[in-house]
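Notes for the one structure printed next.
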Amino acid sequence: MENRWQVQVVWMIDRMRLRTWTSLVKHHIFTTKCCKDWKYRHHYETDTPKRAGEIHIPLTERSKLVVLHYWGLACGERPWHLGHGIGLEWRQGKYSTQIDPETADQLIHTRYFTCFAAGAVRQAILGERILTFCHFQSGHRQVGTLQFLAFRKVVESQDKQPKGPRRPLPSVTKLTEDRWNKHRTTTGRRENHTLSGC
């Protein structure tokens, strides 16, 4: 019998970032209870030796999002990756498909974490106090309409905003972002053109 290969999309991340994100998820599952429906499975409860753990996030009665932690993979592009990564699956019954981090954040935001109420834009236009506030900004992928951006500015300018959780909410996009390859911008002093040869 021939070998059968299975290809999966895995986002390579460093070990410390994965530990920080996992502890943040555990904090919101067990302490703040805002993610109490989420299930954390340890590495010894999984059926694959490369899997370091799983987080099951129910979205509806039949569908769920699963964040799979992998270890012992081939080293990534950078030396600090050290063979750690995550995979994202959307499951409904026996069907499963892989999704990207932005879509995962949107799916999480449709079910969990408070957002603006439907009548909040009308309240802002009328000058009334807005009582709701979005605590999970990474769940909104697009830039948004001009009306929505103006509405957010009105909400930010209010002197009292509803308090969210003290620790940030677990965002899959933040977990998988590539901080190391971003250009660093210096703030403050401009560089001396005579010294840099420009």
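Every residue, even glycine, has its Cβ placed from backbone N, Cα and C.
Because the structure is a prediction, the values reported are computed rather than measured.
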Task: Range among 5-14, 35-44, 145-154 that Swiss-Prot annotates as motif 'BC-box-like motif' - done: 145-154
Open item on the list: Under 8 Å between C-beta atoms and at least six apart in sequence, can you list the same-chain neighbours of T97 (phosphothreonine), or say none if there are none?
Closed with: E89, W90
